[in-house]
Amino acid sequence: MEALFALCVGVLTTCGVFLILRGRTFPVVVGLTLLGYAVNLFLFSSGRLSINSAAIIGSTDQYGDPLPQALVLTAIVIGFAMTAFVVILAMRGRGDLGNDHVDGRIPDHSSLSDKERN
Amino acid sequence: MSHLVILPFLLPILGGLLLLLPPIQNALIRQRIFAIFTSLLLILVSATLLHTSYTQGTQLYLLGNWQPPFGIVLVADPLAALLMLLTSVLGLAAILFACAGDDETGMYYHTLILLLMAGVNGAFLTGDLFNLFVCFEILLIASYALLVHGGGKQKTQASLHYVILNLVGSSIFLIALGILYGMLGTLNIADMAIKLQHLSHDDQLLVKVAGLLLLVVFGLKSAMLPLHFWLPRTYAAASAPVAAMFAIMTKVGIYSIFRVHTVIFGEQAGELAHIAQFWLWPIAILTLFAGAVGTLASSNLRLLTANMILISVGTLLVGAALGSEQSAGAAFYYLLHTTLVSAAMFLIADMISRQRGKAEDRFVQARQMKQRDLLAGLYFVAAIAMVGMPPLSGFIGKALLLQAADSGASMAWSWSAILLAGLAAIIALSRAGTTLFWRVTSLNEEGEQVPVAKLLAVSLLLICSPLLVIFAGPVTAVTSTAAAVLHDPALSVDALLPALNLSAGGY
């Protein structure tokens, strides 16, 4: 289970970082979301991974650590609000600046092909 | 247990929310009066708290009365109280200045400033790392909205970069927290400092990674070298009172570096002691260098001031890199001075640009300002304080910091870097002043007369500089006590875990 979990976090982080480094706001926002998922999963695992262990003492022999769950919940709420904000900001940038590039202007590299420029 | 400790956090939140409700929300004049009243109250509260924590020692506030390592704790030691007082003064100036008209260009200005102050105060107060993250988010959310306040292409563009960078920073912060919690099983800063000592060698490596990730996050907030590219444009794009308020935000990052890397990764941390120092030295020197080059290359006053902030960050990082109690005390004194003066400079830049017509605050020949003598006087005082010339506070701050470098190597590096950056700042600021005030054509009759509120705000900030000199004795006594508390494990760790002391050894 640990290996699968770690793989998921790793793949999500990789995809997130890759997308954040793109030039347009939409992929960047998606990248931030993916990175947020990876972080939440990672934070959750800091309480160790175990099956069938509720975060309540007495109901099972083995109980889970409740703190990471609370932390993840907080992180999810904050991450959600931030994503909403950055989406609105990206849309406003599209309106104000006339394009959806993160720098506010399409870089003018005549050496690049059309595909690279996007 | 005194409830005074939580007030600097609760008061601005409550005030900010009340501003949104009908009796106050309907009229701008009521909003202004209420916001000024709240920030005056905040100054009073933080001054009282500073007095209490200085005379009676660190104040601990347990939310819900949970025993320390488990619940949420607020810790009001002299350092936190001092920085909260600084924030309140800065907030009052930002609100006063905006009352002259900047708060009409967008909605909810006063609410957002108060929420920003709540976030900053919370970050100074909190005793555990997760709430440091939460408070960072509170102040960041407020700052995102403040940055686009007033609208305009430049602001949108700058804020896109700022928001995305900070979201990535928050993710890194959470990853570091996850590692630390997984390894140490606690998020309480004082408890971490104790648990750190009982780690096996392999675990230490992971904790070291987390500690350095935290340094990256705080470095992003405080704009240290490779992570500083967002700062000049963001600060130059923000409207003047917002930029002035932002002057405290880089200092939150610096404060966190001091807190985390002195208390958790300090002397007693065994193999993990001073893991940041190795990186801080080159980064501090390079930040100073980048700031110096930036000031010389700036094409307008706001950009120049933003680069001066970079120099001040570098100077403070030198204080952190020296790592001694004396250098921390000196850095805190310099921090007070630089925050107030650079905020004043942003406000002055705005007043100048409003009287120069289309030239704004760019360094080009333009028509003479209507109130040149007044503005030149203010600029002169702020510039002298900023570059660190006697008789104003910048000189004492720098002298204290230079004095704190004791060994030969650290002396050579820190003295040359700080003094050379100061020289670059003198050249840049005097060149800027000459162009702005002397390279003029005919008199410009148009442009706005400086409103009284703006003048009040700037004088409030500038008068602090001579006050810091006149009362240098008491102020340095407070800053060195703050540094002593931070460096003494008995005060910054053991005193915050009262329950563990009762059952000493059983832990």
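First residue shown is number 1, and so on along the chain.
Each residue, glycine too, has its Cβ placed from N, Cα and C.
For reference, TrEMBL has these:
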TRANSMEM  B:6-21  transmembrane segment
TRANSMEM  B:33-50  transmembrane segment
TRANSMEM  B:70-100  transmembrane segment
TRANSMEM  B:107-124  transmembrane segment
DOMAIN    B:127-423  domain 'NADH:quinone oxidoreductase/Mrp antiporter transmembrane'
TRANSMEM  B:130-148  transmembrane segment
TRANSMEM  B:204-223  transmembrane segment
TRANSMEM  B:235-258  transmembrane segment
TRANSMEM  B:278-297  transmembrane segment
TRANSMEM  B:330-353  transmembrane segment
TRANSMEM  B:374-392  transmembrane segment
TRANSMEM  B:412-432  transmembrane segment
TRANSMEM  B:452-472  transmembrane segment
Contact check, the transmembrane segment (B:278-297) vs the transmembrane segment (B:452-472), 3+ Cβ pairs under 8 Å, seq sep 6+: no
Segment-segment contact (the transmembrane segment (B:107-124); the transmembrane segment (B:452-472)) at 3 or more Cβ pairs under 8 Å: no
Beyond the flanks of the transmembrane segment (B:33-50) by 6 or more, those residues with Cβ under 8 Å of it: 4-5, 7-8, 11-12, 15, 18-19, 24, 59, 76, 78, 81-82, 84-85, 87-89, 91-92, 95-96, 99, 110, 113-114, 117, 121, 478
Long-range neighbours of the transmembrane segment (B:70-100), counting only residues six or more past its ends (CB under 8 A): 5-6, 8-9, 12, 32, 35-36, 39-40, 42-43, 45-47, 49-50, 52-54, 58-64, 109-110, 113-114, 116-117, 120-121, 124-128, 131, 188, 240-242, 244-245, 247-248, 251, 255, 258-259, 332, 335-336, 339-340, 343-344, 347, 451-454, 456-458, 460-461, 464, 478-479, 481-483, 485-486, 491-492, 496
Interface present between the transmembrane segment (B:452-472) and the transmembrane segment (B:374-392) (three or more C-beta pairs under 8 A): yes
Tertiary contacts of the transmembrane segment (B:6-21) (same chain, 6+ residues out, Cβ under 8 Å): 31, 34-35, 38, 41-42, 45-46, 49, 61, 63, 74, 84, 88, 91, 108, 110-112, 114-115, 117-118, 121-122, 125
Cβ-Cβ under 8 Å with the transmembrane segment (B:452-472): same-chain residues at least 6 beyond its ends: 89-90, 92-94, 96-97, 99-100, 241, 244, 333, 336-337, 340-341, 343-344, 347-348, 350-351, 378, 381-382, 385, 391-394, 396
Cβ contacts under 8 Å made by the transmembrane segment (B:130-148) with residues that lie 6+ beyond its boundaries: 72, 106, 108-109, 112-113, 115-116, 118-120, 122-123, 155-156, 158-159, 162-163, 166, 170, 173-174, 177, 187, 221, 234, 237-238, 242, 245-246, 249, 252, 256
